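For reference, the structure is listed below as structure tokens.
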Amino acid sequence: MSAALRFDNIGKVFPGVRALDGISFDVHAGEVHGLMGENGAGKSTLLKILGGEYQPDAGSVLVDGQPVHFSSAAASIAAGIAVIHQELQYVPDLTVAENLLLGRLPNALGWVKKGEAKRHVRERLTAMGVDLDPDAKLGRLSIAQRQMVEICKALMRNARVIALDEPTSSLSHRETEVLFKLVDDLRAQGRALIYISHRMDEIYRLCDACTIFRDGRKIASHESLADVPREQLVAEMVGREISDIYHYAPRALGDVRFSAEGVDGPALREPASFSVRAGEIVGFFGLVGAGRSELMRLVYGADRRRAGELTLDGKRIDVKRTGDAIRHGIVLCPEDRKEEGIIAMASVAENINISCRRHSLRAGLFIDRKTEIETADRFIQRLKIKTPNRRQKIRFLSGGNQQKAILSRWLAEPDLKVVILDEPTRGIDVGAKHEIYDVIYRLAERGCAIVMVSSELPEVLGVSDRIVVMREGRIAGELARAQANEHAVLSLALPQTSVAEAA
């Protein structure tokens, strides 16, 4: 049986980096083919070739046995290919319906038939089991909702080959189950799917076959995962065995370093209070929409607080904007690193130095380039940031390496006291997670107070000294590490269970 999609000896080179080297594998109709590898292994680059964003320097792509060359994304779409990237592509000021039908809006004599467009979109969303308002502006939706729109857009094009790059990274459990059903339905319809994920549970739940990348090369292809243990996939991905990804070790904790009392804002149902000791890692867990990120933005000054007091080392501080927080040694690594974390057109070195630049000014006026170069090189080496050089534009780095650069930005701060990490390992492979946990522990050992927001319950349980659980815009409860387990945390997080019952 000929493959619906074949990659034949694909090669791609960027300045100083061989991103893909001799990649060959097949994807068949009615098959979900998993693609795994560390960040920077070349998975997303391959999808960009499939989607017409990049052209291969060697090899060829075959669809239904015929060689194809996509000079643009439009050419790929016209050939029945749909690629859903980790970096979402949407127009924030347009509605859900307008984004889904962009370029295909029904019209009469040049006038868009909005009623027909909304009706069509509503019918398709209902059929897919997706609960979204067709009139809602994309820019006002959550990241999870925007991701569902991207997935729906591909499905509405009736593509024969669909590639999904970390599609559940921002989805709730219910939304993930909706996606899984869609994938199962598409497989049953005979479509060919590529599914990139770092989550082993998803790979084993969805995929019929799996290919492993490492450093731009194919390490292995498995036609069936039935007899392949998870440990083997991890070893193939990272080139080494990782027995305990979290490697938690108790550490001495100091006095309360930071506290928030009665913090309130539009996204919260009731005022929230919490504290963090010096050297402590407090994990914040909750379902999508629980208000964790919103609470952190209020504390950091990114959004305006209606009420609440912040205390640092026993003294009340006034934080009305992010600059105030940074001056007090409080920093936040945001959930959406593409929009709020990195400066995409700047170099790796500039992204690392942007926050601490005020410390490298000579005579208060001139940037000390020598100091900045030394700082960038030190953190590139210490955090193992994969980049050809410090001058490389950060947008060309993988998600894991971008995240390491953002963490380097704050590690370079000499007066760092409080670090808020919002989904620090989202979309990052198991090897990079291991390294980022090392960074978090290093910050805690420096005496920093760490707040880690995460949707991955095993991560929260594995890394945190204490866990705060949020539910529907309020703090539902708190658990010490010794008391915490999946049942106890989920009992507090799930809407149908009261705090009293969970206790």
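In case you wondered, yes, glycine gets a Cβ from its N, Cα and C as well.
Predicted, not measured: the structure shown is a model, and the values here were computed from it.
According to Swiss-Prot, the feature domain 'ABC transporter 1' maps to 5-240. Taken from Swiss-Prot, the feature ATP binding site applies to G37, E38, N39, G40, A41, G42, K43, S44. Annotation source Swiss-Prot lists domain 'ABC transporter 2' at 251-497.
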Across every protein chain in view, the count of C-beta atoms other than its own within 10 A of the C-beta of A41 (ATP binding site) is 27
On the domain 'ABC transporter 2' (251-497), the mean of the pLDDT values is 87
Given the ATP site G37, E38, N39, G40, A41, G42, K43, S44, its other Cβ neighbours within 8 Å of the Cβ centroid, in chain order, are T45, F213, S398, D429
Ranked by how many other Cβ atoms lie within 10 Å of their Cβ, the binding-site residues N39, S44 are led by S44
G37 (ATP binding site) -> DSSP, reduced to three states, gives strand
Reduced DSSP state (H/G/I helix, E/B strand, rest coil) at G42 (ATP binding site) is coil
